[in-house]
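Pulled from TrEMBL, these are the features on record:
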- 181-203: transmembrane segment (TRANSMEM)
- 245-271: transmembrane segment (TRANSMEM)
- 277-296: transmembrane segment (TRANSMEM)
- 317-338: transmembrane segment (TRANSMEM)
- 350-373: transmembrane segment (TRANSMEM)
- 404-428: transmembrane segment (TRANSMEM)
- 434-461: transmembrane segment (TRANSMEM)
- 473-492: transmembrane segment (TRANSMEM)
- 504-532: transmembrane segment (TRANSMEM)
Amino acid sequence: MREPQMCNVVCHMVLDKKTAKAFKEKIEDEYRVNMILDNLPLVVPIPKTDQDSVVYQDGFPVGLKGQYIGSTEEKYFIHNHLTFTVKIHKDLQIDSSRIVGFEVKPFSVKHEYEGQWNEKTRLTTCDPHAKRAVTSSESPQEVDDNKEIIFTYDVEFQESDIKWASRWDTYLLMADDQIHWFSIVNSLMIVLFLSGMVAMIMLRTLYRDISKYNQLETQEEAQEETGWKLVHGDVFRPPTNSDLLCVYVGTGVQFFGMILVTMIFAVLGFLSPSNRGGLMTAMLLLWVFMGLFAGYSSARLYKMFKGTEWKKITLKTAFLFPATVFALFFVLNALIWGQKSSGAVPFGTMFALVLLWFGISVPLAFVGGYIGFKKPVIEDPVKTNKIPRQIPEQPWYLKPAFSILIGGILPFGAVFIEIFFILTSIWLHQFYYIFGFLFIVFVILIITCAAITIVLCYFQLCSEDYLWWWRSYLTSGSSALYLFLYAAFYFFTKLEITKPVSGVLYFGYMLIVSYAFFVLTGTIGFYACFWFTRLIYSSVKID
């Protein structure tokens, strides 16, 4: 600490064919070397051309490709000299320093020396005695068979005004604040437009409809009912596959609870980035404990659909979504294992996840299911007829497929810019830490999903189509389809992934994310529509 080093030789090696090939592959695939000093990741500062600011990139590249002047042949050069800058903050009271930054400038240098190589040989290209430092003008070190490489490094200590408590700020500073504000204003426009529509429907149409319906005293007028009141005898008829709907709604509630609590923790600053994997751990644990709410909500809905076997439904809720995701994750992990990558999840961790799932999540789902089933059944505001009425021919824009696909566009549009940043931080090694923005966007997403579902549900009921249970779930849930398509678009435009395994991994992980997004948005839409139909049908008098 606080002792600058210059030209320390780490090692000297002569490449053989195999090592040279391995290095070339790593350089070709743009591998990066990551280091950690005092829990701070190593970064390469890259000055921005248009401003005085710098952008930090995590880790330094193994090497680079280039050509010698006058030749067209691509050569591979390795970064074999590192100039570390350790930023320190002096504590005046106790005369000691703390590390507040860790930067590196990598160089490729063909080191030269006189005589035979031994431990005491002095380099002529980089000499602490002659105070000769490495600059970028030196001739670079090529990677090839029988090439001799000497790895060296310098360390310099720089005093810095950054306090130890705020040393992460430089890593997490977002350069693109305006874009986020722009995206939030853009999303708020969508929200205002939709909420305005919902309010208009609620006030004008419903007020007029309800007052009109409640004045229908004479028998003749009563026979000429129109609009959504006509289907009052069918609107709460349990849907086909009602069990599956209960399972998906329960899973969605579990997911919603997990995201909400994680976000609140993150906004309050409990999830520090210096705690590696803290976010993932928090999410998994919360998911497991939210099993309680999943069991509860699916059992209550199940009882409303006149179901009797609550244990069966709870078991399905505890298994359907996690089993699908776990199977997919296991396959992807096997692929990573096959590549002998250190990024694979070890077997022990897999086992721990299964234990968490069976040991905590499943029992809690049963507890929730038991409580939910013991509660009094949710009463329908209107009686359901014995015989289902016929649904008239629907206009093309109210056909299920069309309205479901339309419904997904707005929720996706509201969060689309934030998704771009999240994808960039996951796949392009940047830090994502603007949870305040994310929280606002999440709230906007909830409102958009609810509003669009209510609007489309109202149009559907007005044209006497009462099959709204699944439609409401799928309407907002279809935004996940757009999310997946966007992920594919991002893959082909922003990422340069050529290896098949990497491509499969990308799409596998994005599929898991989209599936989770489907469950989350679908549940929000379903509950919004559920509340809406109960509200409008409970406010009309029906003989």
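Here the Cβ of each residue, glycine as well, is placed from N, Cα and C on the backbone.
For the transmembrane segment (404-428), same-chain residues at least 6 beyond its ends with a Cβ under 8 Å from one of its own Cβ atoms are 176, 179-180, 182-183, 186-187, 190-191, 194, 434, 437-438, 441, 444-445, 448-449, 452-453, 456, 471, 474-483, 486-487, 490, 494-495, 506, 521, 525.
Sequence-distant contacts of the transmembrane segment (473-492), counting only residues of its own chain at least 6 positions beyond either end whose CB sits under 8 Å from a CB of the stretch, comprise 245, 248-249, 400, 403-405, 407-412, 416, 419-420, 423, 449-450, 452-453, 456-457, 503, 506-507, 510-511, 513-515, 517-519, 521-526, 528. With a threshold of 8 Å between CB atoms, the same-chain residues lying at least 6 positions outside the transmembrane segment (245-271) that come near it are 239, 278-279, 282-283, 286-287, 290-291, 293-299, 301-302, 305, 307, 313, 316-317, 320-321, 365, 435-436, 438-439, 442, 469-470, 473, 516, 519-520, 522-524, 526-527.
Remote same-chain partners of the transmembrane segment (317-338), defined as residues 6 or more beyond its termini with a Cβ less than 8 Å from a stretch Cβ, comprise 246-248, 250-251, 254, 291, 294-295, 298, 344-345, 350, 353-354, 357, 361-362, 365-366, 369, 501, 504-505, 508-509, 511-512, 515-516, 519. Under 8 Å from some Cβ of the transmembrane segment (181-203) lie the Cβ atoms of residues 410, 413-418, 437, 440-441, 444, 447-448, 451-452, 454-455, 458, all in the same chain and six or more residues away from its ends.
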